[in-house]
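Encoded as structure tokens, the structure appears first; notes follow it.
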Amino acid sequence: MKRKQKRFLQMTLLFTVALIFLPNVGLWSLYKDKHLVKSAEPGEQQTFPLGLGDGQFYSWTDGLRRKDWHDYESIQKEAMRSGKGEHGKPYPLTEEDHDDSAYRENGFNIFVSNNIALERSLPDIRHANCKHKMYLERLPNTSIIIPFHNEGWTSLLRTIHSIINRTPGSLIAEIILVDDFSEREHLKDKLEEYMARFSKVRIVRTKKREGLIRTRLLGASMARGEVLTFLDSHCEVNVNWLPPLLNQIALNHKTIVCPMIDVIDHNHFGYEAQAGDAMRGAFDWEMYYKRIPIPPELQRADPSDPFESPVMAGGLFAVDRKWFWELGGYDPGLEIWGGEQYEISFKVWMCGGEMFDVPCSRVGHIYRKYVPYKVPSGTSLARNLKRVAETWMDEFAEYIYQRRPEYRHLSTGDISAQKELRKQLKCKDFKWFMAAVAWDVPKYYPPVEPPPAAWGEIRNVAANLCVDSKHGATGTELRLDICVKDGSERTWSHEQLFTFGWREDIRPGEPLHTRKFCFDAISHNSPVTLYDCHGMKGNQLWGYRKDRTLFHPVSNSCMDCNPAEKKIFMARCDPLSETQQWIFEHINMTVLEKFNHHANS
């Protein structure tokens, strides 16, 4: 009997140990990934654990093998670089370097571009978790397609060098440069000779000016890679940028993926993240591209994980080649540029695919100061946008026409082939897109604009003059001027109609037709200027009180003026001062009271 009890106790002990130990075997790789791979502290020599970055593979619970794709030798080599512009630091500029001639041909400071290294180093500004991520061992290769027209020599070369230096060679099937009928000599034989050193680079040239959309289509039609990756010709890809993109496509080939697009300053070439960094792509109902916060419902436990985005910014993305052509590529009826990012975004979501932004993939992009070349005559961004709206947006196109009535009578050209494609692909309607994908967009950009609190001219009581923004842009200081309705001359030069809208900001223009600039003030005593509207309140939040003062909560001050000098500025609130009293031409008291109740609650 005792022997049986002893044997029973032994078996029970073994079973208990098994219960404790065996489940944790499966957890080992998770523990190892989380705790055994450590990033260096600032100033500490980076060391890399055995098995990471040396081709060793790791099996996941889904049975797929993954590896670390980082090139640590290259990373350490870049860390040792020094010089002007290295590590993405701004180039030190003198007064002469700001001369407009440096911008004239390219829309960015070509002098700076010519004076920083073609293989300059960049800061690794990824989320820390990106440094430990593994991606599939077997990733598809890609054709990288780069259209260009009259691009600067060094900006184009820097794009290519960054790709070659920061991309695993096995993942590059080819790099296709598509020359859209450039005229500059350095982009002809000189470019051919330079690119001959790169075995995977080939140059394709158009026979006439085709525009960005058709040059991308031309490059895609000649591509051999399993994936198409589109980049602009003035970019710099960052560390380990490609594997995170290809990984998403390998997991689901009906996926379009976009990198985080960082900003390379057009003046000093400093490299930094966009304001807000990881945000969802969106649009307003005039079809301007916007970025909105990721809602809590879509935020991942790991902020470095890919997240869904309704629309892409446009120029930088990757897509499975076969899936791209199943979707019909770009609509070939779109001219030059504009609207294509909406067309491909709506199409992929409505026709059975999905789109993600990938925080662990980062690419710097020069946002030009202005477009340096002429768009061929007869082309129209408005026509492109209407063509997309009529093909994909169904009854929601009406919201665009309400804000852009001039679009109603534009010709879209023949869209029957696009309508038939949508039918063949069994695509969902735009109402589904707004409900299932872009459900958070109306919170920031409602299709039906809520009524404003006040609009029309803003007249100062003391001066009997009106606020005038003179059709200015960001940085323009507001001034007082003779009110147009009082018989001011040269009315075309004035801009005296403003809207105090539902966002509680003040914009030039009438309701439904406001411009994208807002009254902005930094602090007490600062001038009141126009600044790009950001919709995040802050410096652009205003209140219109019963004493007719325009109150600025952030600075705890009121809008004031100097009638003699016609200046407008912020000052300590004094409700008895007539220079701080402003009269809106039209007021909706119901909305205004709601604003004030919200401000006081």
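Cβ atoms here come from the backbone N, Cα and C positions, even for glycine.
Residues or ranges marked as substrate binding site by Swiss-Prot on the basis of similarity to another entry: Asp180, Arg209, Ser233, Trp337, Arg368, Tyr373. Under 8 Å, Cβ to Cβ, and six or more positions away along its own chain, Trp337 (substrate binding site) finds Gly211, Leu212, Ile213, Leu381.
On its own chain, His365 (Mn(2+) binding site) has Asp232, His234, Cys235, Ile261, Asp262, Val263, Ile264, Gly315, Leu316 as residues at least 6 apart in sequence with a Cβ closer than 8 Å to its own Cβ. Residues annotated as Mn(2+) binding site in Swiss-Prot, with similarity to another entry given as evidence: Asp232, His234, His365.
Every protein chain considered, the tally of other Cβ atoms within 10 Å of the Cβ of Cys130 (disulfide bond) stands at 22. Residues or ranges marked as disulfide bond in Swiss-Prot (evidence: sequence analysis): Cys130-Cys360 (among others).
Positions annotated as disulfide bond by Swiss-Prot, on the basis of sequence analysis: Cys351-Cys427 (among others). According to DSSP, Cys427 (disulfide bond) sits in a coil region rather than a helix or strand.
Annotation note: Cys483 (disulfide bond) sits in a coil segment as assigned by DSSP. Its own atom aside, the Cβ of Cys483 (disulfide bond) has 20 Cβ atoms within 10 angstroms in the protein chains shown. The feature disulfide bond is assigned by Swiss-Prot to Cys466-Cys483 (among others).
DSSP classifies Cys533 (disulfide bond) as coil under the three-state reduction. Look at Swiss-Prot and you will find Cys518-Cys533 (among others) tagged as disulfide bond.
Of all the Cβ atoms in the protein chains shown, 19 others lie within 10 Å of the Cβ of Cys573 (disulfide bond). The annotation disulfide bond is assigned in Swiss-Prot to Cys558-Cys573 (among others).
Among the features that Swiss-Prot reports, region 'Catalytic subdomain A' is placed at 139-248.
Summarising the annotation, Swiss-Prot assigns region 'Catalytic subdomain B' to 306-368.
Swiss-Prot lists 1-7 with the feature topological domain 'Cytoplasmic', giving sequence analysis as the kind of evidence.
Among the features that Swiss-Prot reports, topological domain 'Lumenal' is placed at 29-601, with the record citing sequence analysis.
Residues or ranges marked as transmembrane segment in Swiss-Prot (evidence: sequence analysis): 8-28.
Within 8 Å of the centroid of the Cβ atoms of Asp232, His234, His365, where the record puts Mn(2+), the same chain has further Cβ atoms from Ser155, Thr159, Leu231, Ser233, Cys235, Ile264, Gly315, Leu316, Gly364, Ile366, Tyr367. Of Cys130, Cys360, Cys427, Cys483, Cys573, all annotated as disulfide-bonded residues, the residue with the shortest Cα distance to Ser233 (substrate binding site) is Cys360.
On a Cα basis, Cys427 (disulfide bond) lies 35 Å away from Cys533 (disulfide bond). Under 8 Å, Cβ to Cβ, and six or more positions away along its own chain, Asp180 (substrate binding site) finds Pro147, Phe148, His149, Thr206, Arg209, Glu210, Gly211, Leu212, Thr215. Over all protein chains present, the Cβ of Cys360 (disulfide bond) has 24 other Cβ atoms lying within 10 Å. Here Cys483 (disulfide bond) is positioned 22 angstrom away from Cys558 (disulfide bond), judged by their C-alpha atoms. Classification of Ser233 (substrate binding site) by DSSP places it in coil, neither helical nor stranded. Within the set of recorded positions Cys360, Arg368, Cys483, the entry lying nearest in space to Cys573 (disulfide bond) is Cys483 (CA atoms).
Minimal Cβ crowding within 10 Å, among the binding-site residues Arg209, His234, Arg368, is found at Arg368.
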